[in-house]
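S.K.: Annotated substrate binding site per Swiss-Prot: T49, C50, N51, R52, S109, E114, G115, Q116, Q120, in sequence order, evidence recorded as sequence analysis. Look at Swiss-Prot and you will find C50 tagged as active site, nucleophile, backed by sequence analysis. Swiss-Prot lists H99 with the feature site 'Important for activity'. Here Swiss-Prot flags G198, A199, G200, R201, M202, S203 as NADP(+) binding site.
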Amino acid sequence: MHIVVVGVSHRTAPVEVREKLSIPDHSITESLKALKAFSEVLEVSILSTCNRLEIYALAKDKNTGISSIKEFLSEYSGIIFEDLDPHLFCFRQEEAVLHLMKVSAGLDSLVLGEGQILSQVKKMMRLGQENQSTGPILNRLLTQSVSTGKKVRSETNLGTGAVSISSAAVELAQLKIGQEKGFDTLVSLESENVLVVGAGRMSRLLITHLKSKGCHKLILVNRNIDRALNLAQDFPDLKIVCRGLNELDENISISSLVFTSTASEVPIIDLAKIEKLNLNNKLKFIDIGVPRNISNDVKQHEFVKSFDVDDLQEVVSRNQEFRQKIAKEAESLVEEERIIFLEWWASLEAVPVINKLRSDLELIRKEELQKALSRMGPDFSARERKVVEALTKGIINKILHTPVTKLRSPQSREERQVSLKIVEKLFSLAEEDKNN
């Protein structure tokens, strides 16, 4: 069996490719079923965020397993394999384990140390378990990866003051507005007419960061107006006007800065919509939705400047040098956890031999116990029988303790193979299997 991961991220593919591979929550179950339908795939889990789509699998064969996942991704995205393959990354075995742990720790994020990815890995684990697409191997890997992410954040300073995609989006707005005014610094957003489209978690984070950067009023547009109103109630110090999506156009026309973060699978704003507004003021769009909420053609409008998640790199690079130094410490913790998982996984090779040995000894114990009890006659009480049975079980467990501990202990694969062969030969385990 082999652990593999196939996917795309902000490192390997632009947003126009990533958005076609994005798997929304309502499609996860169907996608997991499609992947499990491949005979090579034994366990599978999906991580889908604005910056990455990664499929982790336990496969019978690493090469055919990877090929199956690539086939699924090509069919799902509608991108022909020859165009998609250059954007895909593949990791096998130890590298796949290391990659997931680094992702969970925030070491592979656009924003080093960002905390949201950890909750997304937790969600991936939960969805895999709910859909019964994961088993003992991936469940163990996911659990340990989540623990690794927590450990990195608690034992290093990587997560201290870490920016997120949302905060980077706000900083990008500050930077671009400042540059228009001739500054290379982050300026206050106090004078901007701000519109936020969407009322999910990312929008909540956007509003939090907007408030900290001088914004004291904004318009919040969402398809479900009640959800927008509930979100607004969490910010009593801000003047938030809530509107339905049917009022989007008129609110764009009175805004100078628009943030979009919705779960829409198609753009909700395009050039045709903007041209109908007869804009006479400069307008900035910052779109952190994946798939994108804003069509790329809006950039053709003379009064519009539009940015997406790939443009956040300009802001992120300003803050990365300090975090790169802290990341070295975090990477050593991740490596320790990787070794622990791999040692556990390697020890599973001994399980069939251990189970066979235990089964054979248990059969002998029962046979010999029955012989002894039959000799004791009817005067031997039920309580005494229980005592003798407990005694025989204790003897078997004592006999098994040392060899089982040795077989499960950390050692190279070659050393474990030698140990397994010795045990099989001493107790004739392999010969019994052949005879059966």
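Even glycines carry a Cβ here, placed using N, Cα and C.
Each of these features: where is it, how hidden is it, and who are its neighbours?
M.R.: Counting every protein chain shown, the Cβ of C50 (active site, nucleophile) has 24 other Cβ atoms within 10 Å. DSSP classifies C50 (active site, nucleophile) as coil under the three-state reduction.
Note on H99 (site 'Important for activity'): other Cβ atoms within 10 Å of its Cβ, all shown chains, come to 21. DSSP assigns H99 (site 'Important for activity') to a helix.
Listed in sequence order, V196, V197, L220, L231, F259, S261 are the same-chain residues six or more apart from S203 (NADP(+) binding site) with CB atoms under 8 A from its CB. According to DSSP, S203 (NADP(+) binding site) is assigned to a helical segment.
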S.K.: Between C50 (active site, nucleophile) and G198 (NADP(+) binding site), what C-alpha distance do you get in Å?
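M.R.: Their Cα atoms are separated by 15 Å.
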S.K.: List the other residues in this chain whose Cβ sits within 8 Å of the Cβ centroid of the substrate site residues T49, C50, N51, R52, S109, E114, G115, Q116, Q120, in sequence order.
M.R.: L110, V111, I117, S164, I165
S.K.: Taking only the Cα atoms, work out how far M202 (NADP(+) binding site) lies from Q120 (substrate binding site), in Å, as a whole number.
M.R.: 13
S.K.: Within a 10 Å radius of its Cβ, which of these binding-site residues (N51, S109, Q120) has the fewest neighbouring Cβ atoms?
M.R.: Q120
S.K.: With S109 (substrate binding site) as the reference Cα, tell me which of the recorded positions H99, G198, G200 is the closest one.
M.R.: H99
S.K.: Of all the recorded positions given, namely H99, G198, A199, R201, which is spatially nearest to Q120 (substrate binding site) at the Cα level?
M.R.: R201
